[in-house]
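*Asks:* Look at TrEMBL and you will find 1-21 tagged as signal peptide. Under the heading domain 'Peptidase S53', TrEMBL lists 106-470. The active site, charge relay system feature in TrEMBL is assigned to 179, 183, 382. The Ca(2+) binding site annotation in TrEMBL covers 424, 425, 448, 450.
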């Protein structure tokens, strides 16, 4: 009898009242720390159960991810893709670099395109086998009417799509959420004129985002968007070890399939919590997973001028307490730790952990339309993440149209190329613990990679040139 049949038979017995299990007192499991028993569930209450089988051969899967994602590997293809037909190929015009000085009254698609040197021709063709997606959680929903109004207000100087191609999951009908509105509007304006999906996963796991539920949706589909952006995350210590590891396994599978997954680095700087009476920085997950590309945040050096960027003090970053440092970032992180003049005391962070973010983009002062109202000064790495994701989708457009596979898991290539195609952000520090030892200062940016802005922010023509080949 198959597993599904066994489970259905067991459920039938339980529901009929012919099967029950009452453990002896010494067999009853104690509640996890912080949990409180509220008694038995109401007989009419619906329960959502997830049965997760123990995963095997994870070391071999990790080796596969490295082999298909490393440009120096003979097995490099960017992931286990389905390649587009050759007949769909055509050459895109070479983008021209524009100036980056001008006034603005808040970040809009035009500001993004000016700062990162995109032209009106840097949009999707509408004919390629290219797509992108974002995920929404915690009962945050976008509205098509908000997206259409946003594009009417801010999308007049570039070709774009004014509606989402597909929603996977449950799309609520209540008021729109600013988070969901921000994600959709800036993914679709940065990755302009590219087919966009939205994955909607309501409900909670351990009181927080049901990341595993979303990843199961991805695993159960054979044809998926190439780039996925997620603007949500939780402190590593707030989730069970078993859950973090299982989610990370699914992220590893996605990387092996050639998906580019981008996660926001968080909006609490290095974070802070107390462990045994001592302050430590508090990393976030899934930003700390070795199998995602994590996006930090920046601000303009001059608040109302489109000029150079500095650290946005809220930009999440640091070192994982769960995942060891992956080999692809060994050189960059070691260089930072040995050369940074402003390192916090070693007791505040795990220097051997996976370090993040990997890249960054503007995260301060965005315009968003939510519930048909234009809202200014929306900030956070929730903004920088869909922007960076949209630009990667444009690069995928060029790759697909020239007969190459999509980028896939980006990090091994990103670190091998030492930030080529990115504006290095070298000024500013992010926030951390308000105590006498670090006085609210976490890590500081500097030349090259750092755990505040990663390798830096996109210079689209240069980044396209860097990532177009092989």
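The count begins at 1 with the first shown residue.
Cβ atoms are placed via backbone N, Cα and C, with glycine included.
A TrEMBL annotation is a machine prediction, not a hand-curated record.
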*Asks:* Relative to the Cα of residue 179 (active site, charge relay system), which of the binding-site residues 424, 425, 448, 450 have a Cα no more than 10 Å away?
*Replies:* none
*Asks:* Name the residues of the same chain, 6+ apart in sequence, whose Cβ is under 8 Å from the Cβ of residue 424 (Ca(2+) binding site)?
*Replies:* 447, 448, 455, 456
*Asks:* Please list, in sequence order, the residues in the chain of residue 183 (active site, charge relay system) that are at least six apart in sequence and whose C-beta is under 8 Å away from its C-beta.
*Replies:* 134, 136, 142, 229, 231, 382, 385, 386
*Asks:* Count the Cβ atoms, other than its own, that fall within 10 Å of the Cβ of residue 382 (active site, charge relay system), considering every protein chain shown.
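*Replies:* For residue 382 (active site, charge relay system), the 10 Å Cβ neighbour count is 26.
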*Asks:* In the same chain, outside 424, 425, 448, 450, whose C-beta lies within 8 angstroms of the Cβ mean position for the Ca(2+) site?
*Replies:* 419, 426, 445, 446, 447, 449, 453, 454, 455, 456
*Asks:* Under 8 Å Cβ-Cβ from residue 425 (Ca(2+) binding site), six or more apart in the same chain: what's there?
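*Replies:* Residue 425 (Ca(2+) binding site) has long-range Cβ partners 298, 309, 310, 311, 360, 445, 452, 453, 456, 457.
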*Asks:* If I restrict to non-local contacts, at least six residues apart, and a C-beta distance under 8 angstroms, what lies near residue 450 (Ca(2+) binding site) in its own chain?
*Replies:* 317, 336, 340, 443, 444
*Asks:* Around residue 448 (Ca(2+) binding site), how many other CB atoms lie within 10 A of its CB?
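*Replies:* A 10 Å sphere around the Cβ of residue 448 (Ca(2+) binding site) contains 16 other Cβ atoms.
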